[in-house]
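What TrEMBL says about this protein:
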- 72, 198, 202, 208, 216: Zn(2+) 2 binding site (BINDING)
- 85-242: domain 'Peptidase metallopeptidase' (DOMAIN)
- 104, 181: Ca(2+) 1 binding site (BINDING)
- 138, 172, 174: Ca(2+) 2 binding site (BINDING)
- 148, 150, 163, 176: Zn(2+) 1 binding site (BINDING)
- 155, 156, 160, 178, 181: Ca(2+) 3 binding site (BINDING)
- 199: active site (ACT_SITE)
- 256-305: repeat 'Hemopexin' (REPEAT)
- 259-446: disulfide bond (DISULFID)
- 266, 310, 407: Ca(2+) 4 binding site (BINDING)
- 306-352: repeat 'Hemopexin' (REPEAT)
- 312, 360: Ca(2+) 5 binding site (BINDING)
- 341: phosphotyrosine (MOD_RES)
- 354-402: repeat 'Hemopexin' (REPEAT)
């Protein structure tokens with residue numbers, strides 16, 4: 001028997017067989033790890049056999065022990081993936097039944113969350129889903145805690161949220177939610193709709209995706225206006241084909257690729273020894289001890305922030321990072337939003353006609369913060385809390401060689417790094433000239 005599990009600290013690959021499962025773990029800000037010696041890579045990077053146990057059709061002690069070990073996977077799964085052998089239902093007319101309900105929500109709220117999750121997949125495929133109130137359905141949905149009858153026990157509050165089995169007889173297609181979690185219909189705890197949509201993807205045969213914006217990405221993240229990504233749609237349609245009577249569905253854009261040679265970025269800043277790079281709905285975390293950067297949805301870390309960050313800078317003296325989006329700004333202490341924010345960017349002394357900050361950078365040697373807007377920049381004195389006199393000034397005149405507008409900036413090792421389109425300019429603040437020009441993706445060592 002083979003199984004696959006889904007993690008955040010320990011993200012995962014899809015598994016195989018009727019007893020396979022996808023386990024939804026909680027998002028923590030930490031690097032991936034894999035400790036189980038049961039995890040093995042297959043030859044095909046898009047369809048991996050995660051465990052090497054023999055498929056017998058029954059649960060023996062060895063299989064149960066392997067299932068208990070398989071709490072982690074590796075993050076380098078293919079774009080969209082399916083369970084090995086492309087397990088799928090042999091009919092497009094599926095049934096589902098909710099066996100029991102969580103006391104955390106009204107029954108009607110649970111029904112709505114499940115139906116909404118199924119409709120995500122039905123909108124882009126020929127699949128239909130009929131609800132049964134008695135008997136056995138293709139997809140049986142239940143809530144349980146601890147050992148709940150499938151030899152895959154839950155672990156109490158947090159960590160494991162739910163698991164699902166791929167298409168098949170018996171337990172195949174079933175979805176189990178951990179009743180020890182707090183289920184909600186908003187962002188105050190674990191949103192049932194989002195977790196259900198992910199787990200039902202497994203129940204239909206979908207594995208995990210490396211696209212951080214995909215529903216089938218192996219981390220939990222709350223977001224409003226939820227849409228399947230292009231990656232999700234490609235994956236499910238490879239199994240079942242497109243909807244013959246499609247309504248207009250606009251998938252969410254795919255996650256940006258860090259080594260795209262045409263990559264441009266929105267903002268970059270330090271944070272307590274790390275570097276954060278923002279692009280569209282995402283940000284990357286770079287840390288000297290991390291072999292690969294983490295790509296994370298902005299909303300998964302800061303639900304109250306907007307999806308688009310215009311500029312950001314770190315002030316190490318105050319142990320704060322300031323994030324700009326439109327006419328508002330947020331202050332972070334670590335990863336926590338400082339009380340009293342957001343505030344208007346005009347608190348810096350910018351005129352009301354300024355509607356956004358294009359880039360921001362703090363020069364620790366001088367205590368000044370430079371704010372770039374259109375073709376000009378301003379100098380803010382962090383010590384006095386005021387704008388310096390004789391500003392704004394021309395970007396092109398004061399920083400020759402980088403052009404008249406920039407996308408992002410950061411100060412490191414005595415150099416100012418300006419980002420514009422797909423280029424990164426290494427600018428000597430001491431000599432006032434461009435030292436070298438690199439591709440933007442060089443920040444990821446591409």
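Any Cβ shown, glycine's included, is placed from N, Cα and C.
Remember, it's a predicted structure, so these values are computed and weren't measured experimentally.
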May I have the DSSP-based helix, strand and coil counts for the residues of the repeat 'Hemopexin' (306-352)?
4 helix, 21 strand, 22 coil
Using Cβ-Cβ distances, find the residues under 8 Å from residue 174 (Ca(2+) 2 binding site) that belong to the same chain and are at least 6 apart in sequence, listing them in sequence order.
139, 140, 141, 142, 150, 164, 165, 203
Chain-mates of 155, 156, 160, 178, 181 with C-beta within 8 Å of site centroid, Ca(2+) 3:
145, 154, 157, 158, 159, 161, 180
Whole-number Å value for how far residue 360 (Ca(2+) 5 binding site) lies from residue 407 (Ca(2+) 4 binding site) (Cα to Cα)
9
Taking the Cα atoms as reference points, how far is residue 446 (disulfide bond) from residue 156 (Ca(2+) 3 binding site) in Å?
41
If you take the centroid of the Cβ atoms of 138, 172, 174, the listed Ca(2+) 2 site, which other residues of that chain have their Cβ within 8 Å of it?
137, 139, 140, 165, 167, 168, 169, 170, 171, 173, 203
Ca(2+) 4 site, defined by 266, 310, 407: further same-chain residues with Cβ within 8 Å of the Cβ centre:
265, 267, 278, 309, 311, 358, 359, 408
Cβ neighbours within the same chain of residue 181 (Ca(2+) 1 binding site) - under 8 Å, at least six residues apart:
157, 158, 161, 189, 190
Cα-Cα, whole number of Å: residue 156 (Ca(2+) 3 binding site) versus residue 216 (Zn(2+) 2 binding site)?
23
Judged by other C-beta atoms within 10 Å of its C-beta, the most isolated of the binding-site residues 163, 198, 202 is 163
104, 163, 312 screened against residue 202 (Zn(2+) 2 binding site), Cα within 10 Å - retained binding-site residues
163
DSSP-assigned states of the repeat 'Hemopexin' (256-305) in counts, ordered helix, strand, coil:
4 helix, 20 strand, 26 coil
Cα of residue 259 (disulfide bond) to Cα of residue 266 (Ca(2+) 4 binding site): how many Å, rounded?
16
Helix, strand and coil counts within the repeat 'Hemopexin' (354-402) (DSSP):
4 helix, 21 strand, 24 coil
